[in-house]
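Copied over from Swiss-Prot, here are the features:
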- Cys383: active site, nucleophile (ACT_SITE)
- His520: active site (ACT_SITE)
- Glu522: active site (ACT_SITE)
- Ser13, Asp151, Ile152, Glu153, Lys191, Thr192, Lys193, Pro194, Thr195, Gln196, Lys227: CTP binding site (BINDING)
- Ser13, Lys191, Thr192, Lys193, Pro194, Thr195, Gln196, Lys227: UTP binding site (BINDING)
- Ser14, Leu15, Gly16, Lys17, Gly18, Ile19, Asp71: ATP binding site (BINDING)
- Asp71, Glu144: Mg(2+) binding site (BINDING)
- Gly356, Leu384, Gly385, Met386, Gln387, Glu407, Arg473: L-glutamine binding site (BINDING)
- 295-547: domain 'Glutamine amidotransferase type-1' (DOMAIN)
- 1-270: region 'Amidoligase domain' (REGION)
Amino acid sequence: MTKYVFVTGGVVSSLGKGIAAASLAAILESRGLKVTLLKLDPYINVDPGTMSPFQHGEVFVTEDGAETDLDLGHYERFISTKMRKANNFTTGQIYESVIRKERRGDYLGKTVQVIPHITNEIQAFIERGAASATCGEPDVAIVEIGGTVGDIESLPFLEAARQMSLRLGRNSACFVHLTLVPFIATAGELKTKPTQHSVQKLREIGISPHVLLCRADRPIPDDESKKISLFSNVPEDAVISVWDVDSIYKIPQMLHDQGLDRLICEELRLDPQPADLRMWSELVEKLQNPKHEVTIGMVGKYVDLTESYKSLIEALRHASIHTSTKVNIEYIDSEELEANGTASLAHLDAVLVPGGFGRRGTEGKIAAVRYAREAKVPYLGICLGMQLAVIEFARDVVGLKQANSTEFDPNTPERVVALITEWYDREGKVEKRTEDSDLGGTMRLGSQRCPIKPGTLAEAIYGKDVNERHRHRYEVNNRFVPQLEAGGLVISARTPSEDLPEMMELPRAMHPWFVGVQFHPEFTSTPRDGHPLFKSFVQAAIACQQARAGAKA
């Protein structure tokens, strides 16, 4: 029978509930337990797919094609269990499901209310999500409840968790509350009152936390821990200090050293093997002792909010671990390149253009592509980054001066990139779209496998085929591919069913390392193994740096 750990947050948002939940899962997995995680988001949107990156940050895509919260990316990076659509749901999905049932007559004429109908539906979604775990029936399901205790939006979820805990009985569920212990510089001390009030608010709705994770910018002294214990009615050894660190991969060891996994296992009556966190220690050791150092420029329009590129940043960090390289990421606003030119890119060892939407800043990104191609600097284009690389090549090498995407210019006569109107999803069903289709849930999504052209750089990186996740509406137009190939561009991977270009590259005679991918490889990168594409990209940056140094010598 699956046991449940509910993770709640208090005082302020963005304290790191997702990292805390994922770290706990990593420790429990290291003890031989099968673990899955779920994220409950209180907003009314059906999913984050149409939300602005400035509002929500990154949208993480699962293997089965769900657009989900970025915390699911943390979950997959910390444990071996893969996430699915059922691992993340929102208030919007809950209400949509309940209203659909009411319209069908499932409630037999009853008045449909938040309690019991909404709360029952939340519990059903939780149990369904746990049951669908890719690891089989999990020993533990960790359920992260988004938002902050005291928010109106979170109340149905907290009430559902309380009811579920009561229904399952003692030792079948426990609550971990993440809270803030701020340091007041003028007073020169940490303040415990916000934590006391947050726990009090939680207890008012019938939930008494078993463990407190106290976030601060420094370790919390024993005196403050004792005060928190006394006023929160939580045992002193269950008040755990979680201070700021330079790498999130240090968190599992930090929590284990303070006995978090022991407390959870005791409360849930689990008796697993001892924890083995050597992998995490080795990762941190490699991260802190690099042999090389490179600077990679990430050119985008959301660079002021790096949460928009969370998985991409982590993928580069994973590559740094597995290539013994310190990777410095320099965030470059593409609109500044439009205004000021590309002179600011001259010191970079590699250029990366990530995915994105909309016309704003695209000409600056195209300028960055042109610089990387002409200067022979390693280039990686992801999703939109591949499309822009094709547009730049079409304009500046092939001579199609009006080449563009219909996303940016619907009337362009040279539609090098255009809307995909028909494709097969991962189950083999035909999907069709038009310019008038809804924005939400209408993209090509999820993992799809395709063969790789022999003798290419792509084959050297991936092998015979590639299986990566997608999130896009636009695709390189096959009508222009013969002209592009005549100019030297190589389409190194295509989908087997629709013949859509998946990867492009320049031959090594034209450029040492220039790759574009229509998919999002960052979603499958983990600290355990890294990712072959990002490892190759970082190695190319090292080679570029060394060649440049040799030329100067």
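Positions of Cβ are set from backbone N, Cα and C atoms, glycine also.
Structural mapping of features recorded in Swiss-Prot.
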residue: Ser13; record: CTP binding site; CB count, 10 Å: 11
residue: Gly16; record: ATP binding site; CB count, 10 Å: 19
residue: Gly18; record: ATP binding site; CB count, 10 Å: 25
residue: Lys191; record: CTP binding site; CB count, 10 Å: 15
residue: Thr192; record: UTP binding site; CB count, 10 Å: 24
residue: Thr195; record: CTP binding site; CB count, 10 Å: 29
residue: Gln196; record: UTP binding site; CB count, 10 Å: 16
residue: Gly356; record: L-glutamine binding site; CB count, 10 Å: 23
residue: Gly385; record: L-glutamine binding site; CB count, 10 Å: 26
residue: Gln387; record: L-glutamine binding site; CB count, 10 Å: 31
TODO: Count the Cβ atoms, other than its own, that fall within 10 Å of the Cβ of Arg473 (L-glutamine binding site), considering every protein chain shown.
DONE: 17
Open item on the list: Around the ATP site formed by Ser14, Leu15, Gly16, Lys17, Gly18, Ile19, Asp71, which additional residues qualify by having Cβ within 8 Å of the site's Cβ center?
Closed with: Gly9, Ala20, Ala21, His74, Glu144, Leu178
Open item on the list: Taking the Cβ of each of the recorded positions and counting other Cβ atoms inside 10 Å, which one has the highest number: Lys17, Lys193, Lys227, His520?
Closed with: Lys17
Task: Residues Ser13, Lys191, Thr192, Lys193, Pro194, Thr195, Gln196, Lys227 [recorded UTP binders]: greatest CA to CA distance in Å - done: 23
Open item on the list: Within a 10 Å radius of its Cβ, which of these recorded positions (Ile152, Cys383, Leu384, Met386) has the fewest neighbouring Cβ atoms?
Closed with: Ile152
Task: Candidates Ser13, Glu144, Lys191, Thr192, Gly385, Arg473 (binding-site residues) with Cα within 10 Å of Asp71 (ATP binding site) - done: Glu144
Open item on the list: Going by Cα-Cα distance, which of the recorded positions (Ile152, Cys383, Leu384, Glu407) sits nearest to Thr192 (UTP binding site)?
Closed with: Ile152
Task: Per DSSP, three-state class assigned to Gly356 (L-glutamine binding site) - done: coil
- [ ] Check each residue in the chain of Ile19 (ATP binding site) that is at least six apart in sequence and keep those whose C-beta is under 8 Å from its C-beta; list them in sequence order.
- [x] His74, Ile248, Ile251
TODO: Fewest other Cβ atoms within 10 Å: which of the recorded positions Asp71, Glu144, Glu407, Glu522 wins that one? Let me know.
DONE: Glu407
TODO: Filter the binding-site residues Glu144, Ile152, Lys227, Gly356, Gln387 down to those whose C-alpha lies within 10 angstroms of the C-alpha of Gly18 (ATP binding site); answer none if the list is empty.
DONE: Glu144
TODO: Quick one: pull the CA-CA distance for Gln196 (UTP binding site) versus Met386 (L-glutamine binding site), whole Å only.
DONE: 51
Open item on the list: What whole-number Å value do you get for the CA-CA distance of Thr195 (CTP binding site) and Leu15 (ATP binding site)?
Closed with: 13
Task: Tertiary neighbours of Leu15 (ATP binding site) (same chain, Cβ under 8 Å, six or more apart) - done: Gly9, Leu178, Thr179, Leu180, Arg215
Task: Three-class DSSP secondary structure - Lys17 (ATP binding site) - done: helix
TODO: May I ask which residues of the same chain, at least 6 positions away in sequence, place their Cβ under 8 angstroms from the Cβ of Pro194 (UTP binding site)?
DONE: Gly10, Val11, Thr179, Leu180, Val181, Pro182
